[in-house]
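Database features, via TrEMBL:
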type	residues	note
DOMAIN	45-110	domain 'P-type ATPase N-terminal'
TRANSMEM	306-326	transmembrane segment
TRANSMEM	346-370	transmembrane segment
ACT_SITE	418	active site, 4-aspartylphosphate intermediate
BINDING	418, 420, 869, 873	Mg(2+) binding site
TRANSMEM	926-946	transmembrane segment
TRANSMEM	966-988	transmembrane segment
TRANSMEM	1009-1027	transmembrane segment
TRANSMEM	1039-1059	transmembrane segment
TRANSMEM	1071-1093	transmembrane segment
TRANSMEM	1113-1132	transmembrane segment
C-alpha cells in the first residue's frame, strides 16, 4: 500500500510539474554493467538518418532550468504555498470575502498577498532566465556533422542519435560518441574528463581496428552496419555494446571507445565519432539532478513559528468567541435590546471565531515575507560588489545567483569540496630534487641555502644553476646523468610538434606529473622530442641520442611504481624505475647505495612541504638476464586468466637490487590562500570533506598540502572489495572511536547532547507534523511518523565536541558504493562525523550528490555547502543546502548551477564568516523584530475585546492598519536587515569562533522567538492598560467633546509606533545614516502624514471615522504626556535585562563587541612554541608512515597504446 501511495503521489506531482521528469533516471539509477538482453538494448543504424528517426531517441537539447513553460505555474505556486504564512493569508483573504464577516476592509489581505506572490514570480523568472540563456548558448554551439560525403556545421541541439560527427582539438563532445577513427595512429585520442570526474590528467581512448582506417569524409560516409548499445544510464566508467558491419562481422564495444559529453578532445587534431546517447540521456546528464527547491533553516524555523502563532491566533479567537457566546447566553441586553436570537448562538460562535481570526490575522506579519526578500536581495548585491572577493586576473567578481539563501551562509556545518580546480590550480611544477644525496631547488629561500656543517656535511639546497655546473664537474656528475636520462626516457609521454612552429613541443601525458618531470629535465639539457614504436630520442649537448625501449612495466595502485628496460646507445641494458619511496627503498641492493640516508631526509622535507615525491633508481641488466626475463614477460603478456597478476610477478623478478639515484618533488599548485582558509574554517567549527575523482594517493597528498590532513591525525584508509568487509571495517573503527570518545566525555555532556528541553521537543513535534506539506514523498509516511517514537530516530549531534585524538577518514569510490547502501550508510556517516576530515576518492558525480544527501538528511540541523568548479560537481552543488561554484579552468558549468559563484576558494572565508555571519544575524533580528512589532500592535485588539464585550469591534481604522507595515514601520526592519553589524568584519576574521553562533542558531531559535513573543504580549498589555487608565471614558477634550474609540485608538497607535521604533533603536548594534533615518523618519512621517490624511480622506468618504480627530488629539495634554511616558516604561524592563546579561551572563560576542568598541589589544597566548615541540615528535612518527607519490595516470593499458606512436609520421588531416 505504501508503494501504491508513493506512486500515486509521484504521478500526481509529475502531472502538476512539481517533479521534473527531465532528470528521471529510471530503473538504472545505480549504473553499473549492463547485460545486453533484447529488452535492454537500443539499435542504431549507421549512416541512416531515416531509420534512426522513427525510434524514440531523446533530442540533444538540454535544459537545466528550474521551471519550464508547462510547469512554472504549478511548481511556483507549490513552492510559494509551502510557506505557511502565504497559505494562512490565502485562507484569511478568502474568508474576508464572506459578507458581514470581516470587521475590516475585505481586500486588506488578498491584495497585499497578490502583490507579494507577483513580486516573487518576477524574481524567480528573472533568476531562471539566466539559466535558460546559458542553456541556449550551449545548445547553439556548432559541431561538424556528416551530410552525404562532407561535414557541415550543425547546432548541438540538432544533433541526433546515429549522426557521425567530427570533433577537433580543444572542442567538447556534443553527445556521447563511439570513437571511429582519429588523426593519431590506430584511432587513438586523448581526452580530458575534468568536467565529469574532476581529473585533469589526460586519458587515452582507442577506436576499434575495423574503423581506424576511416580517415576522410568519403570513407566514413560508406560505413554501413548497426550498433547495439546498452540503455542510457549514469555509470561513467562502464559501457557495453556491439557494432555489426555490413558483411555480418560483429565487434564488441567497451568504455575504451566511449567519448562522453562534457569531456574535451585534447592534443588530438580530430576524431570521427558516431552519436549513441543525446541530451538528457547522456551519462553526464544522467548524473545531473533537477534544480531543487531550496529553503533556508531560518525560513523553516519561520514556518514552524507561524504554525505556533496560528495556534495562538486560534486560541485568542476562540477565547473571544467564547466570551461573545457567554454574553449572548447570559446578558439580557443582547436579548432584550439587540434582539439577538439565542437559538443561533452556536452558529454565531463559529462565525465569531472567523471574525476574530480576521481581526487578529496580522499577528502573523504578511510584510515579513516581502521585507525578507527585499533585504536578502540587497545583501546579495553587497556580496556581488565586495572588492575583497573580486579576482582581478580573470575580471571575475563574486556573484550571488540565489539571494534567498544568503543567511544560510552563516550557518554552514559541513563543506563538501572538489579538489581539482577548487583547491588546486590544475598546474604541476617541478620544484625540487635530490640527486646523489644533494638537494636542489628551483628557488632557494635564504634560510635554506646550502651550507657545510662542522662535520663536513652539506645542509640545505642548491639552486638549479648549481645543478647544471655539478652535472659537468662534480663527483656526482655520473649520478646526475643517470638521473636525467631516467626522467627523459622512463615515461609514457608523447611529444607533439606544432606544425606552424616545429621548434615548439607540447607533451601529451596521461599523468600531469610525468609531463612536469619531462619538462623539468629540459632544464638539465635533456630534451625529449621524438617517440617511435620501439625507441625515444633525446637531445643532449647538441647530440641526439636514441634509446631503444625494450619493455615497460606499467604503474598500478598495487605496484606504486613503473619501470622501463632501455637499451642504451652503447648497447648496454638498464632498468630505470620510479615510484613511491616505500616500494623503491625495500628493493634497493644491499651494497652500493650511498645516498639512502640523505635522500630520506630530503623526502621527509619535501613531504612536510606538501610536495608530491618520487624515488628514482636503476640497475644494470646483462644480456643473458634480459633474454631469460623477456621469455617470462612474453608468457605473462599472453596469459588468458589473471594476466595483470602475471605481469606484476614478472616485473617483480627484475625490479630488484636497485641503485638509488635520488628523488623528485612536484608541486600540485594550490590556489592562493587555501591552507589558511581551510585552517580558519576548521577553527570556525566547519567540517570539510573532499570529494574528488582523483586517485587516492593524489588526494592524500593534496590533503596534507592544504592542511586538511595534519601530522597529528590518524588516517583511516578504507579500501574494501565487498559489502561485508566494508561494514565490518567501518563498524570496527566506529566502535573504537566511540570508546575513546566515551572515555573523554562526562555523563552530563552526554545527557545534554541527547536530551532536549520542553521548548525544543514542542517545536520538533510541530516541525515533524508539518513536514508532509513540503515533503514530496512523505504522504505515505505520515502514518509511519505517527507510529514512530522519537527514541527510534537516528540521531547525530552536529555540535558534539570530539575531544579525542584527531582522525581522518579516506575512502575510495568502490568502497563508498558499499558504504552508501542502506545497511551501512549510517555506520559510515557516524564514523565520518567523528573524524576531523574526510576524503572520498575516485567518486562519481552521483556519488558526490549521494554523500551530500546522506549528511543533509541524517545529521539533524546540519547545513551543508558544496563547492566545485566542474560539471561533475553540479550534482552535489544542487544537493547541498548551499551550492558554491568556482569560475575556474574547468568551465562555468558549476558556477551557472550554483547559488553563489566565486573565483577562488579563499574567498569562501569572507563569504561565510563575514557575509554569512552578518546575513544570519541581520535576518534573525529582522524576523524577530517583525514578529514583535506586529504582535505588539494587534494584541491591543485582543485586550480591547474585553472592554467592547467581544463584539469584534476594531480599535484602529482599517487603512491605518494597512499602512502600519508598509509605511510607518517599514524602514526599521530594513535598517536592521541591511546595515546592522553585530561585530565588524575585522573581528569576524580575527575570531572565527564567532561563526559557531550561527551554527548553533543562537540568534534565532525557539527560545529567542518565545522570549520576543512574550515581550510583545507584555509591551502591548502595558501600553493598553496605561492608556486605559490615562484616557477614561469621562475625559473631556479642549473643545468640550468626550473622547471616543478613534481618539483612543489613534493615541494608542501613535504610542505603539514610538515604542516599536525605540525597540528597533535599542536592538541595532550599528548606527548608520539609514538607521537614523529609519528611527527619526518614521516618527516624523507619522506625525506629519496622519493629520494630512485625516483631513483629506474623509472628503472622499475614505475614512470618515477620522474626521475631526487630529486637532483635539494633538492639542491634548494627555496625548503629549503619553508620548513621553507610556512608550518608555515597557522598555525599562528591556534595559534592565540587557544590563544583567552583559554584566553577569555575557556571551562571547558581547566580549568581542567591547574589544572592538574600546580597541583592546589581544593578549591571547601564542601556540607557536608548543607547536614546534609537537612538530618534532610528529616528525619521528611521520618517518614510519608512507608518503604520497606523484602518479595520477590511468592504471595499465598505456604501454601498448603509447608504443603505437611514431611522431615522425605526418598525421592525416581528416
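Positions of Cβ are set from backbone N, Cα and C atoms, glycine also.
Curation does not apply to TrEMBL; its annotations are automatic.
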Review point. In the structure shown, which of the recorded positions 418, 869, 873 has the fewest Cβ neighbours within 10 Å?
Key: 418
**Study point:** Positions on the same chain near the transmembrane segment (1009-1027), where near means CB under 8 A and six or more residues out
**Key:** 301, 305, 308-309, 312, 759, 928, 931-932, 935-937, 939-940, 943-944, 1048, 1051-1052, 1055-1056, 1059, 1063, 1122, 1125-1127, 1129-1130, 1133-1134
Practice item. Sort out the residues at least 6 away from either end of the transmembrane segment (1113-1132), same chain, that have Cβ-Cβ distances under 8 Å to it, and list them. Key: 1018-1019, 1022-1023, 1026-1027, 1030-1031, 1035, 1037-1038, 1047, 1050-1051, 1054-1055, 1058-1059, 1062-1063, 1066, 1091
Check your understanding: So, does the transmembrane segment (1071-1093) come close enough to the transmembrane segment (306-326) to give 3+ Cβ pairs below 8 Å, pairs being at least 6 apart in sequence?
Key -> no
Exercise for review: Taking helix as H, G and I and strand as E and B in DSSP, count the residues of the domain 'P-type ATPase N-terminal' (45-110) in helix, strand and coil.
Suggested key: 27 helix, 1 strand, 38 coil
Review point. Taking residues 6+ outside the transmembrane segment (346-370), which of them lie with a CB under 8 Å of any CB in it?
Key: 83, 85-86, 88-89, 92, 95-96, 98, 101-104, 109, 112-113, 115-116, 119, 302, 306, 309-310, 312-314, 316-318, 320-322, 324-325, 328, 927, 930-931, 933-935, 937-939, 941-942, 945, 950, 952, 954, 961, 964-966, 970
**Study point:** Intrachain neighbours beyond the transmembrane segment (1071-1093), with Cβ under 8 angstroms and 6 or more residues off its ends
**Key:** 960, 967-972, 974-975, 978-980, 1050, 1054, 1057-1058, 1061-1062, 1064-1065, 1103, 1106, 1110-1111, 1114
**Study point:** Length of the line joining the Cα atoms of residue 418 (active site, 4-aspartylphosphate intermediate) and residue 869 (Mg(2+) binding site), in Å
**Key:** 8
Exercise for review: Summarise the model's confidence over the domain 'P-type ATPase N-terminal' (45-110) as a mean pLDDT value.
Suggested key: 81
